[in-house]
Each structure stands twice: as structure tokens, then as C-alpha cells.
Amino acid sequence: MTNSSPVYDWFQERLEIQAIADDVSSKYVPPHVNIFYCLGGITLVCFLVQFATGFAMTFYYKPTVTEAYSSVSYLMSDVSFGWLIRSVHRWSASMMVLMLILHVFRVYLTGGFKRPRELTWVTGVVMAVITVSFGVTGYSLPWDQVGYWAVKIVSGVPAAIPVVGDFMVELLRGGESVGQSTLTRFYSLHTFVLPWLLAVFMLMHFLMIRKQGISGPL
């Protein structure tokens, strides 16, 4: 018989946390699982690093065409460890994309996309698209020459789509040309819309993996 604290007993009575803990800690792991099955988890870690460092940078970044570049320069040169925070953000972004690509290849080569895991694969593909969108929107935020022309090119791509192309370009840019409205939209996408979308699909992805388990060997 084990002694438990009153606090533990209080939560146990209402939430049955011991059953939850047992379920989490006793999940069966197939013997064929190796280090390559950790690529999805590494991608998640990279996202968490992205979230933490990105949140830290929002304290100093100013999303205006006149102050964006100077605020990034201030972060890099005057803020204590600001250069490190931004560098870690950039490095982990590259690492996240690399781990995502390797994870997709691993799942495809081991047949993890087959029945009954089709929806798990679909949510993974959606998350891959969102991850690339993070890169596109984040690249523009310093609003330097590279960022400006990248936005101009990327936001003009939908113009090739019949009927709705011009509307989509104007929606992305916030007008006929690239400017303050464009930067505001990309900043909103990068810091609010895309993180929430990724979190929702990530939760769905993990719940389905938890329910169906890890796919077997080929």
C-alpha cells in the first residue's frame, strides 16, 4: 500500500489521473521501432523552440515598414542575447523543415500512409504546407531588400490562377502593391493564424497516432 498526498487524492477522485498516467506510460511500442521513428518528435521539439524564441522576439519587433528592419537590428545588436534568440529561431526553422522532410520520407517508405492511417497522412501533409508557409511569411518580416522582393514575388504567384488570381493577390498584399498592409498580413499569419492552425492539426495528428498506434514494418 502506498501513501498518497491529499492533493493527489483530490485530483484522483475527480479526474482519475492514475488511469491517465498508466495509459500514457504503458503504451505498447513495436519492436521494429528505431531512431528514425523519432523524426516526428524532433520536428515537434523544433516547433516548440520556434514558438518560444518567436514569442521572445515579439517584445522587440515592430511590424511597420519604417521600423521593422531597425527593430531587428536593435534586437541583434543591443538586446542582451537577442542575437542568440534570433539565431536559434532561424536555425531551428531550418532544422524543422529538414526533420519534416525526413519524417515524410520515413513514413512513406515504411507504408505509414496506408489504411487505416490515411487521415493521419493527410493531416501530416497539411502540417507540411503550414510549415512551408511559416518560412514564406517569416522571411519577409525583417523587411530588408531580400524580404521585400521575396514578398513581392510570392504574393504575385496566385495571379496565374484563373478567375480568382487577381483577388488572391490583392488579398495577400492588402492592396494593389506591396506595402504596410502586406507586412501586417504576413505578420498576423506568421504569429497568430499559422501557429493556431498547426496546433490544431498537430493535436489531430497525435490523437490519431495514439488511437491507431505506430504502423508495422513492411
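The first residue you see is number 1, and the count goes up from there.
Placed from the backbone N, Cα and C atoms, the Cβ positions cover glycine too.
Per Swiss-Prot, the feature heme c binding site maps to Cys38. Residues or ranges marked as heme b 2 binding site by Swiss-Prot on the basis of sequence analysis: His89, His190. According to Swiss-Prot, the heme b 1 binding site annotation covers His103, His205, on the basis of sequence analysis. If you look up Swiss-Prot, you'll see 35-55, 93-113, 119-139, 189-209 marked as transmembrane segment.
For the transmembrane segment (93-113), the list of distant contacts is 36-37, 39-40, 42-43, 46-47, 50, 120-121, 124, 127-128, 131-132, 134-135, 138, 215, 217-218: same-chain residues at least six beyond its ends, Cβ to Cβ under 8 Å. Under a cutoff of 8 A between CB atoms, and with a sequence separation of 6+ in the same chain, the residue listed as 'heme c binding site' has no neighbours. Of all the binding-site residues given, namely His89, His190, His205, the one with the smallest number of surrounding CB atoms inside 10 A is His89.
Each residue contributes its Cα atom, and for His103 (heme b 1 binding site) and His89 (heme b 2 binding site) those atoms are 21 Å apart. Here the Cα atom of His89 (heme b 2 binding site) is found 24 Å from that of His205 (heme b 1 binding site). Rounded to a whole number, the distance between the Cα atoms of His190 (heme b 2 binding site) and His205 (heme b 1 binding site) is 21 Å.
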